[in-house]
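TrEMBL lists 1-12, 167-184 with the feature compositional bias 'Basic and acidic residues'. What TrEMBL lists as region 'Disordered' is 1-59, 162-185. Annotation comment: TrEMBL describes 45-54 as compositional bias 'Low complexity'. Among the features that TrEMBL reports, repeat 'WD' is placed at 319-345, 349-383.
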Amino acid sequence: MSEVREDLKEPESGAGGDQGGPCPDTATPLVHEASWPDLQGLPPAGRSSSADISPSPPAETSGLLSLPWEIVTHIASHLPAQCVITVLPKVCHALGIVGKDSTALQLRARRLIGPQAGFPVGPREDFDWPAACLEIEQLITCWKGQASLHKKGCREGYLVRQQQRAGQDREPGAEGQDNGREAEVEGAGVAVWEAAYGADEEMEVAIEGEDGEMQPIEGEDQVARLREEVEERLEIDAAALMEEERDHRMEFIANDGQDGALNQQGDLADPRNLGNGRQEDVEQCQPCRSPSPPPALECIALPTDHFAHINSVLLIGGEGKVLATGSRDRTVKLWDLQAGSSGTLLHTLVGHQGWVWCLACRGSLLASGGFDSTVRLWDLQAGCAERGLIRAGAAVLCLSCQPDVLLAGAFDKRVSMYDTRVAEPLVKSLCLHGGAVMCLAADDKYIISGGKDCTVSVYDRRAGKGLQKVRLNSYLRSISYSGSEIWAGDNKGTLHSFSMRAGSFKILSQFDVGHTAAVNVIHSSPGSLYTCSSDRTVKVHIPCAPPRTLCTLHYQAEVSGLSVDAGVLAVASGDVCLEVWRPRK
């Protein structure tokens, strides 16, 4: 990029010295073979190619538009997607074509993700490149580096919520016990590390206690606890070091008036010069450091008011304004996330006689499915009054609201289609699996469902028949359908990718992203991928092959609920943790 900018200045200086126009000699290096971008591996865009719409500037054109169109596209790929899409068209018509042609956005995506990862995972035809680039940029801005901030306060937040639920203050001396426990982990050093990671099954492991005596560590639970605390301590320390180094570099960049500081910035950026005494000299020349900018996301913790495990969460109303939660206490609760700093409880919906297991919404209709073999319908525009009751015949495990039909997957191996506008809502019941229907996703053409018999079934809604069924080595626990790309998570923690295009369902690949238990919920879009698991983690990924994990959030209990809407993330873990992450205003 620096070479391109340097070349751009040459014609200007030439034009200033010669009023007759740009000098052809100075323009020659701009089309030199070494300065052309590497466009190999980028197939033509689905809508148009740069060759088809590349403008032919007149001979008297000078400046940026006098460059070959491939160079202009390459320069545009260094700009944020929002600038390419909305700002360049306002500059001139020729630059507006850059935003319409997906070549610059393909280069932008490759620059953000890296050349080694495949993107998109599914078909490239009709892929929404503008939306994908915007989402990737927002994802990187918001989520990179959030894990350490979350883990640092996770333990304190968990204890506070436990105290609130118990309705009592901490006993005197309890705080000292916790501090002693932290000191035990922080001060034990190598001994704790070896105890957590280097212990054989038949070896007795001990660490040094506060009184100086060696205390044995017995049982896998204590070893696992030490391992988690060591990992937390190392991750927090590493993130703090990286943040400190980044702050130092930003100070050098801000100090444009000091040539010496700018020269030392290059030395500091070189890893070979770290720790050799030069950094200490540079720090002495710098003014007092300003506070670090706040994170791009804010996290609010809702007082759940549920007294049992939360099974499902759903953001509704657009832009993450309202949150619905379904719990094993047989209730559905709605929260106003715009009111106050921690949200306000709007409604508590009662009626289910069993666990509320799943939620779905379309417009003003909210549907909740439960273990009492019913689907209850609620009218959001009528004060959440009950609008109808559907008896499914078996425990309802998954729901999907479509504009014309409500789909429900149940324990009786069936996917049922309901018309919620009529008195007898059942339209059709499909037996697509040999086991309970664990997850489903749909659009106006297809219904894709996963069963506990380790099969994935595709049903053609227009033809009214099953289209395809494939068998996997594990059963799918969650599924997300976006465009022609499908992501799913299984009961072992593996992610699977499929494609659905022109009536053809294909298995693409499977990925290990670090989950060690079932992936309970997965959410995908052109530029984002979120997963939550029974291993007590939430992971935020870029949906490439393999997925690039930006952040891992750790919780104290199984994470069973996750919902994403307009960059807002809602997470439910156990019965005491309900968090909402949203962009800071």
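Cβ coordinates are placed from backbone N, Cα and C, and glycine is handled just like the others.
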Cβ contacts under 8 Å made by the repeat 'WD' (349-383) with residues that lie 6+ beyond its boundaries: 311-314, 316-317, 324, 326-328, 330-334, 389-403, 406, 408, 410, 418, 420
Secondary structure content, the repeat 'WD' (349-383) (per DSSP, counts of residues): 3 helix, 20 strand, 12 coil
DSSP-assigned states of the repeat 'WD' (319-345) in counts, ordered helix, strand, coil: 0 helix, 13 strand, 14 coil
